[in-house]
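Colleague: Here's a structure for you.
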Amino acid sequence: DGTELTGVADDQGNYTIDLPGNKKFNGGEQLKVTSTDPSGNKSDEKVIGVKDTTPPVAPTVSEVTSESPQVSGTAEAESTVKVELPDGTELTGVADDQGNYGIDIPANKKFRGGEQLKVTSTDASGNKSNEAVVEVKDTTPPFAPLVFIVSSEDTQISGESEPGSIIKVELPDGTELTGVADDQG
């Protein structure tokens, strides 16, 4: 912005110039530095670039379900977004100039719900964000329960279904019976 700051070198030639509280750098800016001796002789201009060392903010992640075809959300514009799946597989994509990203989930990676995905972004300077963690929501309906043969002598109805699912049986008279599938289904 053209602001000039001045300071004086000590007897060893070292100097420190404090930045005003309202001056912040993003990285990539150019600073022009000169030195003028006590006789008024001015050095050549030295141009240095400000290095970006600030990590991006952790990405936001939209809801991911057991049926989602991709992981999406927002991150620092044009940063590289990495999604780590529960099995250690890493998927990567790039946020667009508005910060939006969408990374396809491979067809061979299926989620049941409850798994955690870890999402980070890395900016062009190599600074990595903190991790955003999202839990996959189960939206996949269970398969139709398998019912073992029921005879007129049976006192129970049994079969197999998704572990932990609630099983409802409607009798011919309209009575509803319920049970819960065990951890084996």
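Numbers here mean position along the shown chain, with the first residue as 1.
Glycine is no exception: its Cβ is also placed from the backbone N, Cα and C atoms.
Features from TrEMBL:
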COMPBIAS  32-41  compositional bias 'Polar residues'
COMPBIAS  62-73  compositional bias 'Polar residues'
DOMAIN    6-52  domain 'Bacterial Ig'
DOMAIN    56-138  domain 'Bacterial Ig'
REGION    19-79  region 'Disordered'
Colleague: If we skip the immediate neighbours and take only residues 6+ beyond the ends of the compositional bias 'Polar residues' (62-73), which ones have a Cβ under 8 Å from one of its Cβ atoms?
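Modeller: Residues packing against the compositional bias 'Polar residues' (62-73) from afar: 83, 91, 100-105, 110-113, 117, 119, 132, 134, 136-140.
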Colleague: In the domain 'Bacterial Ig' (6-52), how many residues does DSSP assign to helix, to strand and to coil?
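Modeller: DSSP composition of the domain 'Bacterial Ig' (6-52): 0 helix, 10 strand, 37 coil.
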Colleague: What is the average pLDDT across the domain 'Bacterial Ig' (56-138)?
Modeller: 97
